[in-house]
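Peer 1: Not my notes, these are from TrEMBL:
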type	residues	note
BINDING	96, 132, 162, 163	S-adenosyl-L-methionine binding site
């Protein structure tokens, strides 16, 4: 068993090293698509193809890959947001509605409404914009809304749009969330700048993203699971190995927690914090526009 594990570690190391070497030559007109070097203008199309391919199986794959933990992570995200009646909120890269529905449920919670003495007019003024660059992901979200009886609910607004060039006005949103999406944009700095632009003063930024494990033994096991298991699950359940190979590679290319926190601060945000969950498998970064 020990020999097999060591052998797997060595194979994994050789895989990672073989993919990393081309990235040394990245320049201002190139970017990473997983471990591949691609032109900036090609990345958005490649990412779009990934999510077009996985849209119909996206939710079930999240359940399988995380053993259902992604639901708790999203609940934690929404808990940190503290939604309120009458808020205008933007959920970016949220096409399937997973985060938006949780925010909607939190605003409409009978218990919360009773505690805060919320009137119906405030509830009706709530606007939750679900923005996604991929129409297939949005279609999944709209279908899920229909299954919940929310097709005609005016609080949920579905918008096809780019995180790097949002169509919303300056200082128009009380909150901004992005879950498992920011690592897929071509220019993280542009997405952060847009988040800052659309938020009102006092508005909250929250990002839930797969991140970096720094506990040595756990990291080795996590790497083995990521590279040896997740692509195989993608092939078995979604019929798409390549998209899930990209997923695990894109996580390794995403900035570590401290560096991403600095990027958020550089965008103008204050009170930047992050919380690691499951040893850093995911992290929630939060900040405020003051």
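Just so you know, the numbers here start at 1 and follow the chain as drawn.
Heads up, the Cβ atoms here are built off N, Cα and C, so glycines get one too.
Note that the structure is a prediction, hence the values are computed from the model and not measured.
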Peer 1: Select the most exposed residue of 132, 162, where exposure means the fewest other Cβ atoms within 10 Å, treating these as the binding-site residues.
Peer 2: 162
Peer 1: When you measure from the Cβ of residue 96 (S-adenosyl-L-methionine binding site), which residues in the chain that are at least 6 apart have a Cβ under 8 Å away?
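Peer 2: Expected: 55, 58, 59, 137, 140, 141, 144.
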Peer 1: Using Cβ-Cβ distances, find the residues under 8 Å from residue 163 (S-adenosyl-L-methionine binding site) that belong to the same chain and are at least 6 apart in sequence, listing them in sequence order.
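Peer 2: Same-chain residues close to residue 163 (S-adenosyl-L-methionine binding site) (Cβ under 8 Å, separated by 6 or more) are 92, 93, 131, 133, 178, 181, 182, 185, 190, 191, 194.
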Peer 1: At its widest, how many Å does the recorded S-adenosyl-L-methionine site span between Cα atoms of 96, 132, 162, 163?
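Peer 2: Output for S-adenosyl-L-methionine binders 96, 132, 162, 163: max Cα distance 16 Å.
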